[in-house]
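Peer 1: Before anything else, here's the structure in question.
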Amino acid sequence: MTQQLQQIIDAAWEDRANISSSAAPAEVRDAVEHVISELNNGKLRVATRESVGQWTVHQWIKKAVLLSFRLKDNEQMQAGSLGFYDKVPTKFSHLSANELKESGVRIVPPAVARRGSYIAKGAILMPSYVNIGAYVGEGTMVDTWATVGSCAQIGANVHLSGGVGIGGVLEPLQAGPTIIEDNCFIGARSEVVEGVVIEENSVLGMGVYIGQSTPIFNRDTGETSFGRVPSGSVVISGNLPKKTKSGQEYSTYAAIIVKTVDAQTRSKTSLNDLLRD
């Protein structure tokens, strides 16, 4: 079934210029709808984890998400008292009280999750936004004004602090999703974008910005890397010294790995079980 779906989606992607809400084969519509539905219930994911820091990205699923926008027109929608004009309905608006209880998710107004995202049991959505294709793991807190971008992968027992931005893949188009692995703490107003991977058990301090071109400097080893924070790292924002060709000194922004996570760090960033009953 999955292989057949992939073949239909890949073929439709190559012919996407000729696909619209009024012109698309039924098998393409059905295939795209099936993918969105499976993303919505967590049976499909844009990326799957093989080991720490190692992920397989399923490009055909991302293509299906993009094709879904071509297959629908904007329409007026209602989710409770929230009115909007869009192509994608919200995730929870049609659920009954019992269905919401069974989901195990707590949703604080005016949090919004789009259909096609998955929110696992025990997760908490404070007033925040989760885009289509995203995956939010068990016990994760998406705090106030945090945003989880399209197709982003957020692990279990993660804390996304207030105002955190996790980048999406749809615009600008990215090769792979931004990934925050299990048991990470992302400090307030931090931004992780452009398919960067934050490996498990890491802590980002407040106001850390990491994209693919951001130098990630390890204070202990002196090494500089890009696009990935190693497991168990504690990262703060900082600067690295540079020189112009004429010898003039200046500095550029960098993310600095200052140490590995220890008991003191954990005591300051541990999740509160009282909020998850």
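Every residue, even glycine, has its Cβ placed from backbone N, Cα and C.
Residues annotated as substrate binding site in Swiss-Prot: R106, D143.
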Peer 1: Would you mind checking how many other C-beta atoms are within 10 angstroms of the C-beta on R106 (substrate binding site)?
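Peer 2: That number is 17.
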Peer 1: Which three-state DSSP class does D143 (substrate binding site) fall into?
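Peer 2: Reduced to three states, the DSSP call for D143 (substrate binding site) is coil.
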Peer 1: Looking only at Cβ atoms, how many others are within 10 Å of the one on D143 (substrate binding site)?
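Peer 2: Its Cβ has 19 other Cβ atoms within 10 Å.
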